[in-house]
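> Attaching a single structure in structure tokens format; questions to follow.
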Amino acid sequence: MAPLVRISDKQKDSKNAEKGNKEERRGWEDRGEERKGRESGESDLSSCPKFGNKSCPPTNHPFHALVIMYSVMTGAIVLTILGNLVIMISIPQFKQLHSPTNFLILSMATTDFPLGFVIMPYSMVRSVESCWFLGDGFYKFHASFDMMLSLPSILHLCSVVDRFYAVCCPLHYTTTMTSSVIERLLALCWSAPALFHFGLVLFEANVPGMQSCEILVACFNFCALTFNKCWEAQFCFPLVNNSCPRHVRSVLSVCAMYVVMTGAIVVTMLGNLVVIISIAHFKQLHFPTNFLILSMATTDFLLSCVVMPFSMIRSIESCWYFGDLFCKVHSCCDIMLCTTSIFHLCFISVDRYYAVCDPLHYVTKITVPVVKVFLFISWSIPIFFAFSLVFSELNIIGAEDFVAAIDCTGLCVLIFNKLWGALASFIAFFLPGTVMVGVYTHIFTVARKHAKQIGTGPVMKQAGSESKMKASSKKESKATKTLSVVMGVFVSCWLPFFVLTITDPFINFTTPEDLYSVFLWLGYFNSTFNPIIYGMFYPWFRKALRIIVTGMIFHPDSSALSLFPAHA
């Protein structure tokens, strides 16, 4: 076994060089023993990629320590998200809280909330595993957002000057701490950290003056073990035993995919957040149909926060860096939230059926208790179905040989056998989809019948009756158009994926991975399109969006603002 050679300009002392070579040779022999142990299944592959060029050494925590660390950090993340979400909902909702101090608190909660679901999960994995799996580019953005969100939170606390005037100068408080002053404080709290930290990290202003590390080249049997970037990029974890192969994409295609998918995530998140805030805040929107829409928007919002970011990394990098357990949890949340969103669309169609086809009994049939039953079914069945299916592994019975053949480190795919591929597609898509098609077809028929009756019926002589009939006809026509768009978008987005889920087991799972990702993201886009549809066809949504964007939502009595035209 040949010694390791250290490439350095300072190897002038042959004795020191020989001593160093012996120590490195012993280290290489230890690594050889470690590799043998790993090949026999004795080591854990869930840490940093071992034997890779310039691979970082992992910190080997005992299992109980990992459980404790993950539990504590996950608890902190959940508390951060839920606690700040409560503040974000409470202050806009309750008029008594509309004061300058609370606007600062609301802005701080808005800072801490994205810190909870954008920064802390990745930092948790990095802290526990002592490894960063997501690449240098994403690390720079993560570090920038980390500092950008942490510093504004501190600056918001620094805005305690508001409390100074409230306690020490109460007579001048209302004239000093005005809305314009608060707006300037908020602008300072957000703009300065964003400019400073993105400039610092992206332009590497913090790097000059730091010493570079020496490069080690390992030689085995007088044969240098080197790896170029092209070969290294072929695997998710270079030189890890049983690592998954990685798709090599051009820089242009990777950038385009990240831009499109990130845009979809942001639109899904913000669009559904506007729906959530609008329905929760404005009293005019507190009726049964909108409670269903509110719950569906919550589902789609969670999908954009919990599922889509990890699916984006998996689809683009063709690797899963987050471990087998989180793969199962992610798959469960994916199935659960997508199915829940589809179930909501189904029950919204039932609600629309009674509103259009049986308007006289709508108020007595679609009551709050009935809507609660709809919501319970929409959430409980997908939760039970998703978690029981994935963790019981019923979906891979009969496909064990295929699963064993493709098993590798960095893989996270959900395989369905013939039975469960058909059954899962029926429960999640074809059953609610059939109900929606039948209901919307009947609604469309009734709406056209009403329009025809209005057009050919006897002329009403009462004053204003003709204008009312025209308004009613226009309203029904618009509702029909809305339903057609909703149904068309739903079928176009989800049908390809579920057809693929059924047919894939019958063609021996030969579907290309990229095609699977395209159809999956097409299904995700259904959650992206939902708030866009509201914006196209519902004037109240556009008006609520304008009120939120312009800051009018923070004004007193904003929850009582009228969102509908006077003649509606």
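Cβ from N, Cα, C; glycine included.
What TrEMBL lists as compositional bias 'Basic and acidic residues' is 7-41. As annotated by TrEMBL, domain 'G-protein coupled receptors family 1 profile' applies to 83-213, 271-534. Look at TrEMBL and you will find 1-50 tagged as region 'Disordered'. Annotation comment: TrEMBL describes 67-91, 103-124, 154-173, 185-203, 251-279, 291-313, 325-350, 370-390, 426-447, 483-503, 515-537 as transmembrane segment.
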> Cβ under 8 Å to the transmembrane segment (154-173), counting only same-chain residues 6 or more beyond its ends: which ones?
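Sequence-distant neighbours of the transmembrane segment (154-173): 100-101, 104-105, 107-108, 111, 182, 185, 188-189, 192-193.
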> Along the domain 'G-protein coupled receptors family 1 profile' (83-213), what average pLDDT does this model show?
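A mean pLDDT of 76 is what the predicted model shows over the domain 'G-protein coupled receptors family 1 profile' (83-213).
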> Mind checking how the domain 'G-protein coupled receptors family 1 profile' (83-213) divides into helix, strand and coil residues in DSSP?
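Within the domain 'G-protein coupled receptors family 1 profile' (83-213) the tally stands at 107 helix, 0 strand, 24 coil.
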